[in-house]
Amino acid sequence: MCTPSKTLQPCVPFPLDDALLQEVVEKAKDWAIMHGAAMRSKQDFNPDALLFAPFILTPSSFPRKEFQKAVELQPLLNELIHAVAHDSQFLLATLSSTEKVDEFTRALIAIYRTVLDEGIAQPLSLGLLRSDLMLETRCDNDCGERARAINAYCCWKQTVTLALLRSDYLPNFSDTIKQVEINTIASSFGGISTIMTPMHSYILSELGYREKLVNLPDNKALSGLCDAMVEAWKLQARPSAAILFVVENVTYNICDQRFHEFYIRETYPHVAVVRRTLTQIGEQGRLGPGKELLVGDVEASVVYFRAGYEPGHYFGAGEWDARLLIERSVAIKCPSIQYHLAGTKKVQQALAKPDVLRRFVGDDAPKIEAIRDIFTGLYSLDRDEGGDEAVALALADPERYVLKPQREGGGNNVYGADIPAALQAMSSAERSAWILMERIFPPLSTGYMVRPNGPVPPPLVQLVSELGIFGAIIGSKDKVLYNKQIGHMLRTKLSSSNEGGVAAGSGALDSPYLID
């Protein structure tokens, strides 16, 4: 399918002079390392060494109106996920087919069923969410009800045809945000993303564009995430208890995690923070007489998961026992098991069905319309839910779709030309572990991607960006106590790349430069 491409105007004129570019890149690399925009190397892991995280040299343009729309919508999305997480009937019914064929989802649901049967010990949950969105270029002229890349192509053809008849006809292209997914567990890069705005402020100043700094939106993701954790800690009223970070056995994205820990310790020195792996919790964990979570000699009243979102974090029964132990405790979990399940792709697809939003939002038409407006096409692959028809759509035009499994962490999706073989290799039952999503075709931007061991100076390349909006919510099934939008992040990748995760190795950190 041929689609015309729109390119957003960069924040500074390109290309940069080679000598200036090389000088600024060297400064930017050092700034990143010295301010913690860094990670451990996956290729040559050394716990005593850091590399700067991949970054875009100058901030990428993003429409101000759409950025503000995403910010304003986040508290509503927080409420939506909170309501979904507390509807056990909906969760179990929605994931019933996936549970049969996906071992990881089945294990999570087994924990959920156990705590439901026993009675959930802690009614409060802490949600630290991130809604990931991409811009989609659409045509505002009347050429169909859906505004997708195929729509833009339609308008482009219409323009060529009508130009022969009307010299005054011009297509009107605009960009609108569409949701890629919403993350409910280990929503990362709040820490490092907070650094990107001052980093880009420094770089723009070095390039002689200080007047442009007003278009860099303030980002308080780190403080927002940490303040919400401490708010949950306060609700427990157990001053000797700690906030427990559940971490991987080997942590590459160490700076992002440690920033949270260090911020809490600096801002709230009376609040202890401890880091433990699921393996350690399985070996040392137990419940106290009041179902307190005890790990060794430490009581944890809040648990913040930075691991546990993928099968590779569970090496055996010990790690699964640790996850169940945490869920059985009175600690406030981020996320609780029901919040984890509410973030699965299958639930996201179900929420896009007509009338399902009313179950959680009520009959508030403006709210429903605001949420539906950011949804792209999402299709079940279950045979009894129109799965055969969805497969036919994907096989007929695979470049328009993405196959997504019930996984987090990046690198799991199947794109475009690879979809037919993947679908044909699945049984109808195995398809239930996946959903089909219409691909978002965003506008392009231009910039310099700086990577460890990359070319010097870096070449000018075409890029696409994904905006993440962070939200925090605390509450029980019946009452929301805390609900805020708390910051943002921007990840940018080569326009030729499918996956965009920084930790997964294919994207780069960025920040938005707001344009009108």
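Placed from the backbone N, Cα and C atoms, the Cβ positions cover glycine too.
Where the annotation comes from TrEMBL, it is an automatic prediction and has not been curated.
Copied over from TrEMBL:
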type: BINDING; residues: Arg166, Gln257, Arg491; note: substrate binding site
type: BINDING; residues: Glu181, Lys345, 404-413, Tyr415, 437-440, Glu466, Lys493, Glu499; note: ATP binding site
type: BINDING; residues: Glu181, Asn183, Glu408; note: Mg(2+) binding site
type: DOMAIN; residues: 242-342; note: domain 'Glutathione synthase substrate-binding'
Show which residues of the chain containing Glu181 (ATP binding site), separated from it by at least 6 in sequence, have their CB under 8 Å from its CB.
Asp132, Lys345, Gln348, Lys404
Other same-chain residues whose Cβ falls within 8 Å of the Cβ centroid of Glu181, Asn183, Glu408, the recorded Mg(2+) site, in sequence order
Arg130, Asp132, Ile182, Thr184, Ile185, Ser187, Gly343
Name the residues of the same chain, 6+ apart in sequence, whose Cβ is under 8 Å from the Cβ of Asn183 (Mg(2+) binding site)?
Leu129, Arg130, Ser131, Asp132, Gly343, Glu408, Gly468
Students should find that the Cα atoms of Arg439 (ATP binding site) and Gln257 (substrate binding site) sit apart, in Å rounded to an integer, by 31
Compute the C-alpha separation of Lys493 (ATP binding site) from Gln257 (substrate binding site), stating it in Å without decimals.
22
Tally the residues of the domain 'Glutathione synthase substrate-binding' (242-342) by DSSP class, grouping H, G and I as helix, E and B as strand, and everything else as coil.
42 helix, 29 strand, 30 coil
Rounded Cα distance, in Å, between Arg491 (substrate binding site) and Tyr415 (ATP binding site) is 19
Sequence gap of 6 or more, C-beta under 8 Å: which same-chain residues meet both conditions with respect to Pro405 (ATP binding site)?
Asp102, Lys345, Asn412, Asn413, Ala433, Trp434
Hey, what's the Cβ neighbour count for Arg491 (substrate binding site) at 10 Å?
25
Other CB atoms within 10 A, centred on Arg439 (ATP binding site):
20
Restricting to the chain of Gln257 (substrate binding site) and a gap of 6 or more, list residues whose Cβ falls under 8 Å of its Cβ, or answer none.
Gly191, Phe245, Val247, Thr251, Arg275, Arg306
Who sits close to Tyr415 (ATP binding site): which same-chain residues at least 6 apart have their Cβ under 8 Å from its Cβ?
Val402, Leu403, Arg439, Asn498
Mean predicted confidence [pLDDT] for the domain 'Glutathione synthase substrate-binding' (242-342):
97
Other C-beta atoms that fall within 10 angstroms of the C-beta of Glu408 (ATP binding site)
21
Quick one: give me the count of other CB atoms within 10 A of the CB of Lys493 (ATP binding site).
23
